[in-house]
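Worksheet for the structure shown next.
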């Protein structure tokens, strides 16, 4: 009876939380946090496509000015390959540094300092032509990669920690939405009528400073993560004020109690290192799940899909001059699918959206393979190929495009989260680099059957997630850890028991309990 009463009390509290309005403070943190982070990452995925010809011409002219002879075709190709791929290398370096930076600066502080990388990169890349230095462009691409590597780890962590659990998925999808919006913005600004001209291409890179400066203007007025303040800085009053501002209410005792309960359930409140996390049996399957999900995020084939898009449009009979405008539909579909996913994620859940997304990608990649093999024989077949491309993009953004970052924040408790994001970021950027490096060889070997490799990846990801991943929507971090306890083969106290312990202890007793625990 007592257990039933606790369950009913927990359900009534959850229903009350779901009626709470989303505050302007929380929306501002989500939008401006993502604008200066995810948006910049997405923008850099597409911004180099439009001015590629002009940048190569700039490399050639710089070489002539220096050495009084044209650059060899192989050298231009090498310089361009370095320019494109060094972004992923910078991202890897940024991801590897996250757990160290975040200990000192916190979540919000790291996001603020990270803007300096974006501003420096914007200056280097936009002024490279004036300074007649292609090295500035390459170094700038590396630095903006570092910015993105840090941002894609810290922002999901920050959003997950400041958001009530009943809307954690929706707010977390701001990361995915702004990535897609960044890609779309890069496509639009790269049009010939705007900045995709020989005399204006450097302004495409100067634009990078704009979202970074906007974030610098807003983020200092928003609170730090209350979980970080309470569990790592031991600043209970600061955490109380942060919760009050984010949630828009004065009584935040329940939220503070929940964090205290999580703190008591952890073996340590000290940040766990990457090596310790990898050795720990208590989070073994959480870590495997994050590695599989993040690797699948990059290896599912979306980045490789861009190699075929223009060729399919040309095969369909579209004029070369209007292809860039039609390609805008891919960025538009991306953004729309990400927004819809953010609206339905709290109703449908993370697991169904991920499985649906990967399964649908496998289906449409299979159809695309069939259509590509017949498009030379049937005049209208290229149109079906392009519809498949749009369907693959929509499927990706419905779940796999954003939920892996949300899951990384949800599957780990406070002490393990920075190290988990460092591992997830490393897998993300290494997989990104692997696709860019290996896909041309896969394409050359398998031709139009190349996408069958990604079909296999999507199917394996779907099966794994169906078997292993529990649903995490509307659950506390303790609830999620408990759901993995059985598969990790470890005992774990029930969340209701932990909450009872916290509620039963008075403030003075809490301090005494902490002293006793530390002495043990």
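Cβ atoms here come from the backbone N, Cα and C positions, even for glycine.
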Transmembrane segment according to TrEMBL, located in which of 419-442, 491-514: 419-442
Whether the transmembrane segment (203-222) meets the transmembrane segment (21-43): three or more C-beta pairs under 8 angstroms: yes
When counting Cβ pairs under 8 Å to the transmembrane segment (287-307), the leader among 21-43, 78-102, 383-407, 448-469: 448-469
Within-chain partners of the transmembrane segment (21-43) [C-beta distance under 8 Å, separation at least 6 from its ends]: 111, 114-115, 118, 144, 147-148, 151-152, 154-155, 158-159, 162-163, 167, 171, 174-186, 207-208, 211-212, 214-216, 218-219, 222-223, 245-248
Top Cβ-contact partner of the transmembrane segment (171-191) among 109-127, 383-407, 419-442 (pairs under 8 Å): 383-407
Contact set, same chain, for the transmembrane segment (78-102): CB under 8 Å, 6 or more residues outside the stretch: 44, 48, 52, 55-56, 59, 71, 110, 113, 134, 137-138, 141-154, 157, 271, 273-274, 418-419, 421-422, 424-426, 428-430, 432-433, 436-437
